[in-house]
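Peer 1: Sharing a structure with you now.
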Amino acid sequence: MGVLMSRRQTVEKVQKVSLAVSAFKDGLREQPSTRRRAEAGGTRRGTLEQEVQEGEEEASSGPSQPEESSASKAAWERLRDGRGVEPEEFDRANRFTPPAFIRPKRELHDDEPPNISLEQREQVLNDEMCEICEVWTAESLFPCRVCSRVYHDGCLRRMGYLQNDSAVEVTETAHTETGWSCYYCDNLNLLLTEEEMYSLMETLRQCKIIPETCLTLDDFLHYKHLVHKQQFEQPMAEAQEEQVALQFSALDPDKKGHVEWHDFLSHESIQLLQKLRPQNALLRLLTVKERERARAAFLALDQDGDGFIGDGECRRARHAWFRKHQKETPSCNVSISHVGPMSESSPASSSSGKSQEKTPLVMEQEEGGLVDWPGFLRENVTYILAARPNSAALHLQP
């Protein structure tokens, strides 16, 4: 009875929301000029330099200044609320209402070491019903490779999270080891608390970063120089600038000459998490699937089964988390890059006999140092989190 009452209450809430949306749409129809201005502002795209130049031109013209400030304000609101897609980017007719993102809150026990056992495997189970429509249709559901949520492709389209250019990719990868991240897990910015998000927004404002714009290498270097000077009160060294340039290249794998806003925001979010939260708190962000993937990776690298791996292997594992498309021959790295649900037949859960043949012992002896299971998790947790987005960009350069 409790479940039935819950369903009935859900239907009533949906009906109320539908009425509110209808009333809102009716209000928009009465103000066509306002909607046209919003659409014009929402569809404008470009790099940060172009946005600044256009803003200066419009500011000098006078009458269009209120419209620009309104569009900028709306962009900051979307950033604050964790909405990664502008409402003006697609027609909302016949589409579901987007979910309200609730940012996490820090708990008192977050800084305490979590109990993640190496020997005790965790059962990976996906949800039975679609996260959006709450209907079960078996194999037509697309599972997320990070969390337990599943989705219909039609529901994702009506939500606006699955466009025509990405539909084929989701269909091909959702049921493979590569996997697909849902719109919750794809957005690393949603891991930030309200306080952390406020801190990031203040930094972006002070550095004059305009939300939802692309950044060129000059923009990225200028921003990093300002952030470094604010934090350390001294200019950035030449070696650090080279690292920033390498990170830009990692965020621009297609060599477009600019970094997309979503990738820049994910990079800054994971950097802020790494800066503000201890590793124990970050470990609590890992899902069951991510913990199982890390457990299988460590067991594949632990050749003699003594609970330790080489420090060099631990460092090399950081690169393998980002292998979204497996083109290499199967080896121990396949276990590390495994991102789908764990099963007994998967390479990640198989014995490490073949992996022993692939891994040279001399390299481990040369680099020295041993890492246990808790140390392996602490060293790799930020890279595991940074590998969540579907983008080919590396949001945290190993």
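Cβ atoms here come from the backbone N, Cα and C positions, even for glycine.
Since we're looking at a predicted model, the values are computed, not measured.
Below are the features listed in TrEMBL for this protein:
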REGION    25-113  region 'Disordered'
COMPBIAS  26-39  compositional bias 'Basic and acidic residues'
COMPBIAS  61-72  compositional bias 'Polar residues'
COMPBIAS  75-94  compositional bias 'Basic and acidic residues'
DOMAIN    289-324  domain 'EF-hand'
REGION    332-363  region 'Disordered'
Peer 1: Give the residue counts of the domain 'EF-hand' (289-324) per reduced DSSP state, in the order helix, strand, coil.
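Peer 2: Helix/strand/coil tally for the domain 'EF-hand' (289-324): 23 helix, 3 strand, 10 coil.
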Peer 1: Can you check how the pLDDT averages out over the domain 'EF-hand' (289-324)?
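Peer 2: On average, pLDDT over the domain 'EF-hand' (289-324) sits at 87.
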